[in-house]
Structures are given as structure tokens and as C-alpha cells.
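Q: This is the structure I have questions about; it appears just below.
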Amino acid sequence: MDETLSFNFHVKHLITNAGKALGAVFMLGNTRRGLSPYHMRLLYVTCVTPVMTYASAVWWTGKVQHEKLLTHIQNRALRLICASFRTTPIDAMEVEASIPPIRITLDGLSHACALRYNKLSVTNPVIQRLPDWHSTDSTPLVPPPLPFCRNDNKSERKRTTHLRETAKLTSPNDERISPFTTPPWRRTASDFNPRLCIKPAPPKPKNEDGDADPKEEKKRIEKLKDNHLNQLSELFLDPSHIILYTDGSKRPVHGISRSGAGLVAYNSGVERFTHQIGLGSRAEIYDAEIIALSYAAGLTKAFTDENPQIQHWHFFTDNSGAVQTIFDTSPKPGQTYCTIFWRRVTDFLDALPNHTVEISWVPSHTGIVGNERADGLAKDTCNLANNEGWIGTRSHAIRRNRERKERQWKRKWENRPITSQYLPANRIPPSLKPTKLMKETKYGLNREVFGRVTQCRTGHGFIGEYYKRFVPDENVDCPCGEALQTREHVLCDCPIYEPHRDILRGASENLEMPELLGTKDGIEALTEFIQKSGAFTKTGKPLHPPQPPNYQPLDETALMLNDEYWEDLTGGSERDVVTQGEVVDDELGDFG
């Protein structure tokens, strides 16, 4: 860090470390072979980006100098991920790799830092130095070492600190997370086994390609439904069991997405009570599910106090994430409601040794009466106002931060003039998630084929028109005799690739370039065409896939009888090798 706190030295140090990390990643592939683009992108996002953006919330103020240094590292990574040429437009590689510009990434990290302010304790020194409107107590518990003397000068009054500027990116009225709600030695679900049973959703069946199998999934849902109904038939009429169904809902109301939660309780075959909770427009479906379970535990505790014959609680919800996290009080979204649920359940289990609690997942929209009833109650509450004491939940703030990054990127993408060869392909909006084509490299699509598809869509590949612009020494004509080999000629007219052109016609009957290069169906057909025809390679022919090495056991007996083996091992033939005893005799003879 320099004496002027410009952080220039710090950023240069980060760039050096990030360059070393990226250099290690470069050892894993090139434009033809190596690690898949999907995993290359994963390595960059998880191993390189955190290095060069370390503590960016402190030093990132929008300086162009810092942006240029970081962009240089990211551009190198983009070329590696996309298996593209050095001349490929950066904007195109960012879209193809699903990696936003570095400025948008840094702005998103600053917003994420601001969200963490609501996760700090009120005694944290950072919270104590925020403005009074952001702190719950205007009197600092730990006062600054030096008094703050404000200058009456008008220009000085406008000056602020980077900490205060970051605090403006969040609201103190949003959901707060406390790191000290429960002690680290609190009891967990394993401490109550087998009286506390938590059953999340079983894993979904997948086919050989790793994709979900719809037929097997339907069979699985039917089986789970039957198992639940069989269990319910044994418990429904028993007065010692209370059965609760909870659900959360999020749907548009007058053009605005609003959330709500509902629950219903059954005992002795009778519906005992229901409850509805309105959450407004700044809560997620996960929050609604957690809040519904929390309210269910509180209402069930009160109902059990009035009906002491109840000894078993059964909570059923169709959200597997809520089932897994509702009994965990660690700092996370929904911590307050998880803590309430944890206290109610632990108090009930501690009351008598024969008390049991079940928290289980059930399939939704399968005709289960209790689940359908809770779902209807939750949907009806979406019109109600939020009375929970917070303006927005942490889950909602995290989602909005992610959407803000994508929205900024799309706005920049829409307003950016594209005049390069990438124009016909630039029709799919950018996304922070990997594209479908990149995901296919995870399951076996060749890295070299992915690179050729990217080179074709960007116009920077083994094409005559590219050679004419950037490599004038190369031959620019097509093997078929065309004077100038263009991308459109290869895809639409070249007779060499006519046997495979029906693949392209399946996506675009008239072989329109924007449809082939800029639509999902067109890209899928283009990938198959390039893979089978060998188009856009250096030779214009399909490349032979790399063969794995063939290891065979060595015949040691044959090697021992082979003079070449001994020559490689000793530098002479087998007959020239002397024994150790002969060497000792010669050495003794030398000394007389």
C-alpha cells in the first residue's frame, strides 16, 4: 500500500499473483486439446478472480487505471476458455464464456460487501463507524481513537469516506443476521437422534448423460406420494399425532411479485387450525417456506400445551432446502425464523423422553390434501402486507444484487455497436450462467469442436476472409475453387460440405446466417455440422481424435536377453559388463 492510499501498488501486486495463477491454468489446455471450456471457466472464476479482486470493496473506486490492469488478465483467460484467436473481439468472448466485464464484477462485489454490513454484530468496529442512520445505536460502543473534526468549508462537507459510500448500497432496515444468536456448542439434529427425524427430498434419477430422466422422475414422485399416503393413514386419526403442512408462494399481483406463506394442522382426523402470513414484495419463496415452518412450530407449541395428549409432531413441506436448513441456527438467510423453530422443537423434545418430531419433504401438486390446502392458503396471502418488522429479506437482497449485475451487462450489450463478423451471432443476451454449448463440454463435447464453433460464430478462425485481414501470407481461396473463402460460403455454398448441409437445413431451411449463428437451434445444428464435416479446420478436413496411450506389460525375460536393453542401461553390451568382484580385483591391482 502506498503512502497516498491510492492502492496502485496493491493492485499491481494482485495482478502479479493472478498472472501466476492463470499461468498455471494455461498448462491445462490450448485451442485444440486439454481441459474442457466448462472446467476452464470454473477454474478462472474460483481460482483466479478471487486473487485479483481481493479486498476490492476497499480499493475499487472506479479508477480506469485499475480496470485496465484487471481487464488484461481477464482477456487472457477469455481466450483460453473460448479456445479462440488473439484477434477475437473481447465483447464476443465475454458473452460466449458468460463472464461479465471486470467493472461489472467489481461493482457487484462492492454491493455484496454492503450486504454483509447487515450480517455484522452491532458491536463490530465497522458498524460503529457507519452513519447514524445505518446503526441501531447512535452512540459508538468503541469510539474512534481521534475525534472527527468537520470543516465548515462547503467543499469539505461534501467529502465522505469509502466506507460510508459503500453503506449507501444497502439498507439497515433489511433482515439482519446475528453471529451470536446461539452458542457454537448448541445441540444439533444428531443430538436428538432418533427422536428428531429430518427427511429431505431424495436425489432425482438421471440418465447416462447426466440429465434428468422425466419417466423415472414421474415414477419416483408417484412412489413417494404413495409412501406418504400410507404413512398418513396410520397417523391421521391418532390423537397423539399432530400433522402440519406448510407452503410458501410467490406470484405476480398487479405486475409485482409478492410472497406469502400458509399452514394447516390436522389432529384426530380434523383440521385444527390454519394461519396465513403476508410477506410483501421483498421476500423470496425460500423465505416464505422458512417462515411458514417457524410459525407452524410456534402455533403447534401453543396447541400442544392445551392438548397434552399430543406427543408427536410431523411437519411436511414441499421445499427440500427448507427441510435441510430449518433446524440450523448458523448465520444465514432466515436465521431468526430458524432459531425460533429450533427453540420450539428443542423445548418440546426436552419436555418428555417419548416426544418425537419429524420434518419431511413431500411432493407438491400431486393431490395430497394437506399440501394442496397449505398451497391455497399461501397463494391467498400474496395480497397481504408485510408485518414482519423488516423491509426486505437477505435472500431477496442477494438475488437483486445478482440480477443487477446481469441487468447492467445486458444494458451495455444492447447499447454497444457491433460491426464485426460477430454481428449475425450476437442475438442471444448475455447471462451469468454458462451457455448450453459450454455445458455440453462438461459431458463430452470436444474442446477443439467448441473452439471451432466459437471461431466460426465470431468470424475469427481458419477462413480465407480472416487470412485476408490478419494473415496475408496465407492462401485465401477455398479448396473448391472459390476465389475468397468466406464463412457464408462454407456454410451455404461450398460443394465439399454439401453431404452434411442437411444438418444446417434442419435449423434454417434457407440457411440464413442469423438463424444458424444466433439461435439455440442453429448453434446446436452448427455444432453437429462442424463436428461431422471438419469445416473451419486448418486443412478443412475432420481431425483425428486424440488416442489414449496404450500401456502393455513388459516382457522382462526378453529384455534381459536383448543387447539393446543392456546398452541403454550400462552404456555397453551384455558381454562387456563386468561383475563387482572383477572391479574390486582391478582396483587392488592398481595399488600393487
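The backbone N, Cα and C atoms fix where each Cβ goes, glycine too.
Copying in the features that TrEMBL gives for the protein in this structure:
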type	residues	note
REGION	170-218	region 'Disordered'
COMPBIAS	205-218	compositional bias 'Basic and acidic residues'
DOMAIN	238-383	domain 'RNase H type-1'
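Quick one: where do these features end up spatially?
A: Per DSSP, the region 'Disordered' (170-218) is made up of 9 helix, 6 strand, 34 coil.
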Q: Please work out the mean pLDDT for the residues of the domain 'RNase H type-1' (238-383).
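A: Within the domain 'RNase H type-1' (238-383), the model's average pLDDT equals 94.
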Q: Which residue counts does DSSP yield for the domain 'RNase H type-1' (238-383) in the helix, strand and coil classes, in that order?
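A: Breakdown, helix to coil: 60 helix, 48 strand, 38 coil.
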